[in-house]
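TrEMBL annotations:
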BINDING   B:48, B:54  NADP(+) binding site
BINDING   B:125, B:126, B:127, B:239, B:240, B:283, B:298, B:299, B:300, B:301, B:302, B:324  FMN binding site
């Protein structure tokens, strides 16, 4: 496969399967001198951890991270940081049925078609459990960002669950509800809605928004490592994501030029924009506005309704996917999206230092 | 910058500016033995070429491609293929105004902030003229695909212009109208609509859909070079694109698991699916169904309405962007999207050969 | 640093420090379906393991490898293989002296100048202990090669220790002596010679030769990933290596064209060559002859003689490097060189499959 | 092939064949703001140009470089720089004999075995003519280095021709003789020697040394993009190179630890070393001393002596390679080696800026 890494200079390789002995991330390219402890990473893993409330899978995992290399006397050394999370809840169970049948909407069939290997233990490598490793790597990225760009903040939240959207961005509310939604009313409504879905064994999709506030102007490497290009790849690589948009996003298709282009004026601190349809990115380079990305997460295909499928031997059959699953996997995608944003932003902070010439352009 | 290449094994580097002497693509990794002539590439460049009707910019460019290397006696040799397009219409004009002011919605300001260079000649490297090089590279990719996967077809078309969407996919209609829309009624309606916008000096966004039919199951390299990840990056890297989606895309956010997951059954030729919400990709790997990607193109910011902006010296001012522009740049994005799809698909066909083990999984 | 990986499709990232909790290799791109157990890897680690005789460092390490991911039911799955080796002999000792002084000939001073970090515990990341991870990865590569090219064999041995060279290639002798030298007489001579050096607290350099027998013609990717280019990089990246040569190597500088070029004739099994000055590589591509690479290993700089050096605070001082070291580190470089050869060869076997066109050239 | 690029952030892709319409280099990642004209590059191409004296091939090529992109108003913009050299002397001649036979010591046979393509026109892509593109790219690198590290100088020269070595390093002599040898006596001796070889239609190998003076401490990215690793790859990728060494190089194999390790003392300007066996590199990172690399160039295999070989159809035959060739190709390898050194050093200057943390280590 050989494609389990991402990033240009801050380079993360994740490894491990859903039910193997451990999983983790090999983080290469973190600058030296960044204060780093397991606790700084653990806080983000805890945010993603399953089994925290009735809306997420009841699989119990401590998701405790160990730092095996790259840190000496409390600081990064510039050498690879190995982050390991041991799998503790590898519940021994009868996989017989799943081992023979392909679950619709899952990667079982394509992994089989590509690799000729059927790791039926919870999806193996294609399980969303892989995202724990991303979150750990993102924790490292956040600490490095603190050193390089102390004012930069990365915040993620859910803005749509099924047909219920919210336009509110009350950031104080995000931590107050299990959906990370920045809207107290939506939180209440969604709780009832999702409870119904959960009880009926169904599932639903979601839309997540991730914002980087305080990113300096100049991040992004045209033409093929634009900031938005890298963010699109980062988010699309997350399990179950089917769409990614920047700023006005898909709505840009219906706007006129007058409605879309953000006007510019000058303030003492630098250029300001009348709006942010651009999502903080012009020509692939950050403007200094908020960098805004949204992505759609499909509903998990593990539901209690009987579905038609086929077996490895090519026979038509039916399947019900029992087990411990999330009625809305989008909830746990929030910290994952934040982690990917952190990794991409750090990568471009580092890249930018290697790319600039003698003089950056000054305005005024 | 050093990031003007894309692809893993089929690796394309584009070069050149809007108003420099020439632009082109260095195509590395094309398999040897592929029949290739300039004419095979020219047909796609002609599809993208400006000035073909009143709906696209009146800039006149022959866009004639020359093959400078990599082909011997009518066939590729496996060495880099240099494709060069000379710029002929580098109209000498007074750029003075634009040279000092940043055009809202354009990359002028961010290129200045990053590089300290102001190539005011039509946007320089950030101009959509760069996409001609992509289309040329895509022409090479199509010929190589013919050799490796003769049944594979790549088709692009427009499915939305401003607020006007179409759900029709009458592929025979695509070549019958200037918008590449697969719907005769829409073509008529859009003609009137766009004519009005053009006359008023306005512009509008669009949505493009690109389909790869006949792609074999097994393409895509988890975890971070999934087929959908690479397609997202490829499309998002196109000028003016603000969102990318696969299959059900953004709508997946509002679906339930029952509505979303495509059921599977067995036919003599292999597995078939009841629907294609997955867009032909599960777990980042192609299923054998149509691979379906859509992207939103924002309206060009070059419009005749006066807009607020600032100068290089940091003064508030206003600007009207006169010149030769497209009222709906989405039209010319269709062949660009096709070219990117061709490059990504070929890349994964090659990668797949390097990745598979002794036995691929057989069903039945 | 972000540069702890090597390989194109078979991609190995090593991690870990000399005295950290563990070290290892993240192996990405191994084909699926390769039988793999820890024992298959352990055999090579045991070959490299310190403390096996009086000629290598007396540090005691079990160097026991664990496979944390990428293998299911005894076979590789195509997903990343995480190989972990725990450090057991992290002898607690007083590093005070070394922590302040830079050891001449070691990387202490340059790591400090680059990273501002002083991991004085046995050299940290710059320790040759990192090569254990390479040997583990090489063990995986060997098993994959068995599947893809069953007749291919990789053999390494020492051909020079200090001023003592041997021209003999009696491969049966390699395993019969502690120096892996293919010459029984040399083995005897070297034993006496090295014993003298060891007792006097001195050290000496060595020359290693690694041969790949049975590699098919066609491996190597011109122009900048030629087989010899990749081998040169692989070997030069090993600690203490100061030179690499292919075939006739440095001696090619003194040859005439008549003496150097290997003549070709035809045999039933294919082309044969009158000699192998090319070292099995022409134009960066393997010919089907033995691929022959040699590299020079400098003597360890950890010796009992007092040496002039400076402290971190910039004062002139002296140092004697006591501790557990190898009088001839070249001995343990043999399995490391073999491992690098295995990784490079496998990488090119995979790459070749992704690069070839419809027809490879046939002779006759 | 897809492997025609080198460099991490300063990324050069060469393209073109010996007898195609043109060849060149796509240079990506040059910082913006570097003054650059064709003349600055031409001076280095002229140094490498064939036909300058009786010791190099009599092929006549103007080797005139054009800059097609990436420069605006006399300065680099940070976008890709396309350098094109048109082939003018594509002498139409009868290749019939060579088209059927494989020239011993050339890449004809391996290119055929790998690609199934026989570009018999002077070796096609495998011709040393490709190095003109490297020299052009090196010219760009030199100008960028001037901006980033004004005191850094790169100097190449020949230190061995056949069995004639010189230990002198009289740098003023380099430009005074056609062999770029830093020794007036050697120049005289070699002239007679090479004249004899030339007249007899023979050829001979050579050893080249390239030095970077004034490179700052801290360049190089452990573990697998060490400065010496990257230099080894860069030099080994040059046509006809069979060995590369750093500092003491191959001789390190015969040294003791006392003789090899360079002692350190402190001077007002920083650390100084008693000798330079390390070649300016410790642990893969530059020390601030001269960076010294040497490489061996084999004699050209195009000689007037009859040689045994085979045909494409597998028949034994003989060949005499007539034509315009160099009795000592090593001469023209000097500017090529310099160019590769310039590219690698610039690459690491850029990389270093992207890698360092908040504090670099200070001594004293």
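The chain as shown is numbered from 1 upward.
Positions of Cβ are set from backbone N, Cα and C atoms, glycine also.
By a Cβ separation below 8 angstroms, chain A lies close to these of the binding-site residues B:48, B:125, B:127, B:298, B:300: B:125, B:298, B:300. Sequence-distant contacts of residue B:54 (NADP(+) binding site), defined by Cβ-Cβ distance under 8 angstroms and a gap of at least six in the same chain, are B:195, B:198.
Long-range Cβ neighbours of residue B:240 (FMN binding site) (same chain, at least 6 residues apart, Cβ-Cβ under 8 Å): B:128, B:297, B:298, B:300, B:329, B:333. Non-local contacts of residue B:48 (NADP(+) binding site) by the CB criterion (under 8 A, 6+ apart in sequence, same chain) comprise B:63, B:131, B:132, B:135, B:332, B:335, B:336. Of B:54, B:125, B:302, listed as binding-site residues, those near chain D by the criterion of a Cβ under 8 Å from one of its Cβ atoms are B:125. In three-state terms derived from DSSP, residue B:48 (NADP(+) binding site) belongs to a helical segment. Cβ environment of residue B:125 (FMN binding site): B:16, B:17, B:18, B:111, B:119 lie under 8 Å away, each six or more residues apart in the same chain. Fewest Cβ neighbours within 10 Å among the binding-site residues B:127, B:300, B:302: this applies to B:127. The local packing around residue B:298 (FMN binding site), expressed as other Cβ atoms within 10 Å of its Cβ over all shown chains, amounts to 30.
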